[in-house]
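Asks: Here's a structure for you.
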Amino acid sequence: MAPTSPRLSAPPKSAPTFFPDKTSVVFVLGGPGAGKGTQCAKLVRDYEFTHLSAGDLLRAEQDREGSEFGDMIKEHIKDGKIVPMEVTVQLLENAIMDKDEGRGRFLIDGFPRKMDQALRFEEAVCPSKFVLFFDCPEDVMTERLINRGKTSGRSDDNAESIKKRFKTFVETSMPVVEAFEKQDKVVKVKAVKSPDEIYEEVKKRMGEKGFEMSKKKGFA
C-alpha cells in the first residue's frame, strides 16, 4: 500500500494562497438540519460550484488510515464540539488546492463555525465573497435530523448529539453570522419551505450577488 501523506501542516504565510478575483469562496451556514447540503447540491448543478463540506472532510480524515488526528476528530464530532481550527482550515486548503484550476467556485458548507476559523481561513487561504445563511427554526431542524438518522448511519444524528449540536451552533456560529452581517456579507434565506421553494429564493439572491447560472457560461 502506498504511504499516505498527512498534509495537515503548512508554513506561516504572509498572504492568502488564493485570491477572490480568481477563486470565489462562499461560506454556507445554518443550523444542523437546515438543508445546507441539499441546497449546495443544486448550486453545484447549476452554477459550477465545487461543494466542500467541512464535516465530510473531517469525517474522512478521522477514518483515514494513519491519521494522527483521527481519534481526536471522532471524539469532538461525537460530543458536538468544534475540531481545532488548524486542522479544519488545512483540510479545506488542501481540498481547494486539489480542485482549483485557476478560476474556481467553492461552496464551503458548515464553515466557519467560529470567528477565529473565519479569520484564519481568510488570512491564510482565501477571502470569502459572502456567507449564505439558511435560517431555520430549531423544531423544524430537529424533525429533519431525527428522520435523517433513521437511514444516514451518522453517529451524530441522534437526540443527544442533536441537542449538543444546536447548543454549539447558537453559541459559536451565530456570532459569525452576526459579524459578517456587520460587513454586509450575509445572504439570509428562510429555510422552512420545500427544498425547491427555498432554492428559488437562493437563485434570486445569487443573481443579486452577480453569480450567473452555468448555462450562461458566466463567472462572478
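The first residue you see is number 1, and the count goes up from there.
Note that Cβ sites are derived from N, Cα and C of the backbone, with glycine treated the same way.
What TrEMBL says about a protein is an automatic prediction, not a curated fact.
So TrEMBL has the following annotated:
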BINDING   GLY33, ALA34, GLY35, LYS36, GLY37, THR38, ARG148, LYS193  ATP binding site
BINDING   ARG59, LYS81, ILE82, VAL83, GLY110, PHE111, PRO112, ARG113, GLN117, ARG154, ARG165  ribonucleoside 5'-phosphate binding site
REGION    53-83  region 'NMPbind'
REGION    147-157  region 'LID'
Asks: Can you figure out which of ARG59, ILE82, GLY110, PRO112, GLN117 (the binding-site residues) comes closest in space to LYS193 (ATP binding site), comparing Cα atoms?
Replies: GLY110
Asks: Find the shortest Cα-Cα separation between GLY37 (ATP binding site) and the binding-site residues ILE82, GLY110, ARG165, and name the residue that gives it.
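Replies: Nearest candidate: GLY110.
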Asks: Closest of the binding-site residues to GLN117 (ribonucleoside 5'-phosphate binding site), Cα to Cα, picking from GLY35, LYS36, ARG148?
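Replies: Ranked by Cα distance from GLN117 (ribonucleoside 5'-phosphate binding site), first place goes to LYS36.
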Asks: Checking the spread of the ATP site as listed (GLY33, ALA34, GLY35, LYS36, GLY37, THR38, ARG148, LYS193): what is the longest Cα-Cα distance, in whole Å?
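Replies: Answer in Å: the longest Cα-Cα distance is 17.
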Asks: Looking only at the region 'NMPbind' (53-83), how are its residues distributed among DSSP helix, strand and coil?
Replies: 19 helix, 1 strand, 11 coil
Asks: Need one number for the ribonucleoside 5'-phosphate-binding residues ARG59, LYS81, ILE82, VAL83, GLY110, PHE111, PRO112, ARG113, GLN117, ARG154, ARG165: the maximum pairwise CA distance in Å, whole number please.
Replies: 24
Asks: Residue list, the region 'NMPbind' (53-83) vs rest of chain: Cβ under 8 Å, 6 or more residues beyond ends.
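Replies: Hits for the region 'NMPbind' (53-83): 4, 6, 8, 37, 40, 91-92, 95, 108-111, 113-114, 117, 155-156, 161, 164-165, 167-168, 172.
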Asks: Any idea what the Cα distance is from LYS36 (ATP binding site) over to ARG165 (ribonucleoside 5'-phosphate binding site), rounded to a whole Å?
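Replies: Taking the Cα atoms only, LYS36 (ATP binding site) lies 15 Å from ARG165 (ribonucleoside 5'-phosphate binding site).
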Asks: Can you figure out which of ARG59, ILE82, GLY110, PRO112, ARG165 (the binding-site residues) comes closest in space to ARG148 (ATP binding site), comparing Cα atoms?
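Replies: Comparing Cα positions, the closest of these binding-site residues turns out to be ARG165.
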Asks: For ARG59 (ribonucleoside 5'-phosphate binding site), list the number of other Cβ atoms lying within 10 Å of its Cβ atom.
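Replies: Other Cβ atoms within 10 Å of ARG59 (ribonucleoside 5'-phosphate binding site): 17.
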